[in-house]
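Everything on this sheet refers to the single structure shown next.
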């Protein structure tokens, strides 16, 4: 319900193993000029109707490519010249069934749409639909407008076909007809990016680091230089520490919520066929994972020896969902004003408020638990006066270095991110789970590697301000992903309400990735510094 997905009982009557010849769906409908204009817009924008039978979503043959299938059923065919459009007013329903030892199970649901002008022939249940001309709505030559009215009969047929497919493999027809070539190419590109980053971290960073440690261990009288000079400075608290710890906790909360939702989906508690149920489960898991977010945020403060700022962190983490709620509310009001079926009812708005209250309670519980535990000892003692930072080259300054580094995570996750956004646009859910799991794995690996590279680069040039760089370098990739999502969400020549909604949703999706990537990067950066400076003896 929160995603705007609602299921209604249709007028199609289907009984198990009972075939039907051409059957009237309803009485004759007379479409006026407004109805025709609205239908033409739907056909031009590629609208589709959805049917569900026994939990299985409908698919339809792809008439453009004459191979493969489409999720859901197109409402009509819009010709590129814009002079005419066909209305699909007949559905040939093909239901595939498989009979195991005891009873039959439905394993396939295919609907083939047809455009039939029943006014040109005498309607009869035995009429061969191949002999019926298509129902074409054309532009009038004199004024360039569509027909003022049209009489339409909506019909359907039902046919049952026995299939060798089992219940467990009934989704296979959708998987086989997915454009796997692009998916395989995207996965290969992602693998190359991850491999390149891994080699960079392994050879450039760890290789140089290991050589420095070995030289330092062999000659303790050797003058310190580079990153080794910063042992008393590297664990100094950064500016705006409370904000950083709050973002750090929110990132791990979102990562935990996504992971928990993926686990529930794999366990069968959430249907992968319905992105609406996935979103609802994600919101509930996000509220419950406030314990994890509050705990990690509080531990960040304790590590920085700033336990006195616990209240600021808890307040920031509890208030952050208000931004998401505001974006959601504005989008929903626009949907209501435009009469969209995606508008969420008021009951769902109340549910979101209850979830926010649950999030506040779990966050406070997590913060209280995290701040009670003692801080781990630091490998190096901090000096009271900060060490001066030498003048840095242009490419080593924070904005430039972090923007350059942020390109790597965005390139790595682009393939799975595109699949995820396309699934959201199409309304299907088969690949929603796979794309989410792929994003989580890539996000975890690439963000950690990018953060380590950026941190070592800054430390090697005697700049100890690494905390915000470790968070910002991976998280700035959310900017590029927001632009990608905006390109997917915004249709051509979209009116301003669609533009506003596209901006809000794109920023929301990019923000989620930015928080998770930044938190992973900050965790990896702290672990790297803890290990690195634990191996040397500070003079």
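Heads up, the Cβ atoms here are built off N, Cα and C, so glycines get one too.
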Transmembrane segment per TrEMBL - which of 158-183, 184-209: 184-209
Candidate ranges 374-399, 400-425 [criterion: TrEMBL lists as transmembrane segment]: 400-425
Per TrEMBL record, range annotated transmembrane segment [choices 128-151, 344-367]: 344-367
Long-range neighbours of the transmembrane segment (503-536), counting only residues six or more past its ends (CB under 8 A): 209, 213, 216-217, 227-228, 231, 234-235, 244, 247-252, 254-255, 258, 296, 300, 303, 324, 327, 330-331, 378-380, 409, 413, 417, 421, 439, 443-444, 446-452, 455-456, 459, 466-467, 469-479, 481-483, 485-486, 489
Same-chain residues near the transmembrane segment (242-269), Cβ under 8 Å, at least 6 residues beyond its ends: 278, 281-282, 285-286, 288-290, 292-298, 300-301, 304, 306, 309, 312-313, 316-317, 320, 366, 433, 436-437, 440, 443, 467-468, 471, 512, 515-520, 522-523
